Amino acid sequence: MSLHKHRSRMVTQGLTRTPHRAFLRATGFDDAALEKSMVGIVSTQGENTPCSMALGPQADRARLGVAAGGGVPVSFSTISISDGTSMNHAGMRMSLLSRETIADSVELVVRGHAYDALVAFAGCDKTLPAMMMAIVRLNVPAVFLYGGATLPGHAASGQVTILDTIEAVGRVQHGTMPAAELKAMERTCTPSAGSCPGQFTANTMAMVGEALGLSPLGSAMMPAVYSERLAIAQRAGEHVMRALAAGGPLPRQLVTRASLENACAAVAATGGSTNAALHIPAIAHEAGIAFTLDDVARVFKRTPLIADLQPGGRYLARDLHEAGGVPVVLKALLDGGHIDGSVLTLDGRTLAEALADTPAPDGKVVRACGQALHPTGGVAVLKGNLSPDGALLKIAGLKSLKFSGPARVFENEEACMRAVSTHAYQPGEVLVIRNEGPRGGPGMREMLSVTAALYGQGMGEKVALLTDGRFSGATRGLCIGYAGPEAAAGGPIALLRDGDMIHIDAEADTLDVALSDEELARRRAAYQAPPQARLAGALEKYAALVRPACLGAVTHSGQVDWPYETPEAE
């Protein structure tokens, strides 16, 4: 692919593009710059979340790399919703929706201005899959870079993270921790810029980026404040110029069924966030690959848990970085026969070639597959008469994989949180939160405040929680989410009543309610959906378009080649 055949020439060349060039000159372009390729540098840099506060300097270094490679970097920004400050109130409805908005916004800018390539930076949970979705949708030479996790803090009890603080709220409610100790944790648990430091959603999806080949190997687990991130960002700018000159590899050459399965294996092997089972199918959708929760489940089931990472384990992202990073996990899986080494990486080498010199697992943070922590992955997909489309349970760290108990049904998260805060529930119950799915919420809120309060009260495995909503990557305990079909789509969860006996068996991967088909049919015939407040704005559009969670909760029909990508298309 010649540099003079790039689509930015549609904007910069010819008599009719005189006004376009005038606008570009106003931004600092000169004659030489107008002859070069234009590369978008996008980030979610902002002050609304610590996750994004380290991205600006990294994006600036990517600009240097693009310039060194002979291109013109053009910076722009997009939004980020902080899950940390939107949780446990109506603002969480905006979180998953923001994934689509971010992907759409990046597409609009890159296509609207005919940029030739892209370097994308993200920090908070939904921003990572959003950027990867945009990259695959655009299918231009691109690099995705995660901004990195925060460092852990320290309190009187020792090392603390945001998860400790969230769960400590439940201990204060339960009377087992003084409020002053919680206040001290609040002040110290997040001492630097960066995302949550465990194998929660952000770090899980950063690992997915490496496994898919969209990110440089070894980049994901490095803390945000490490100066080496700046060098990685500059190399990303240089790389994208080489890929532009060579014509690839392009994102849809990297995101294949095999690499998607590799990504699922990495999630399972590390006890990663259940949200990955929502985001990986959405990334696949952008490549035109039908990859559903059933595909995710098959990989999860055959992959051993080999990394001892929080929230189910002991270690943080920094510990994994110091043990060799994501490549150590991938090499252990490759040696164990659990991933495909023939897929391409960002630089065009096969994964097996790129991992050839990777060190062996340290035996603590990461183990060899022969010494796995558990024979199957850290996330289970459950099906049964209560979840025909599937539901997700993070099993990493659980003492028991079976639970049966009567349902206590809540129509939304707030009702359940009130009950948990006032201890208006009993050990042995299954707390059911419904009407929180993608369409019914709308927005599929995370239930971290509820699950953390239960865990803090010492009830993490004494009760179970079931919802058609989502859970945070930081969630631990007997928490089953993403149950489909959701209540708003007429799923069985809508038919539950207080006292119905629910059976959970993560060994057999089943989730059932002890009701006959006839009784379920009678209830369905009599069912009346609860009234929903009128929607407007972004939520109205989202509820009208969103597809089921088992398909990734996507909002468009799937990737097709866009007919206006090259100058010749004019």
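Don't overthink the numbers, they just go from 1 along the chain as shown.
A Cβ is built for glycine as well, from the same backbone N, Cα and C atoms used for every other residue.
The Cβ neighbour count for Ser472 (active site, proton acceptor), using a 10 Å radius and every protein chain shown, is 29. The active site, proton acceptor annotation in Swiss-Prot covers Ser472.
According to Swiss-Prot, the feature [2Fe-2S] cluster binding site maps to Cys51, Cys124, Cys196, an assignment based on sequence analysis. According to DSSP, Cys124 ([2Fe-2S] cluster binding site) is assigned to coil rather than to any helix or strand.
Neighbour list (Asp83 (Mg(2+) binding site), Cβ cut-off 8 Å, at least 6 residues apart, same chain): Met92, Ser95, Cys124, Asp125, Lys126, Thr201, Glu446, Leu448, Ser472. What Swiss-Prot records for Asp83, Asp125, Lys126, Glu446 is Mg(2+) binding site, and it gives sequence analysis as the kind of evidence.
The Cβ neighbour count for Lys126 (Mg(2+) binding site), using a 10 Å radius over every protein chain in view, is 30. As annotated by Swiss-Prot, N6-carboxylysine applies to Lys126, with the evidence given as sequence analysis.
Other Cβ atoms within 10 Å of the Cβ of Cys124 ([2Fe-2S] cluster binding site) number 27 in total over all chains. Each of the binding-site residues Asp125, Glu446 was scored by the other Cβ atoms within 10 Å of its Cβ; the lowest score goes to Glu446. Highlighted in sequence order, Thr49, Pro50, Ser52, Ser82, Asp83, Gly84, Gly123, Asp125, Gly194, Ser195, Ala202 have their Cβ within 8 Å of the centre of the Cβ atoms of Cys51, Cys124, Cys196, the residues recorded for [2Fe-2S] cluster, and are not part of that set.
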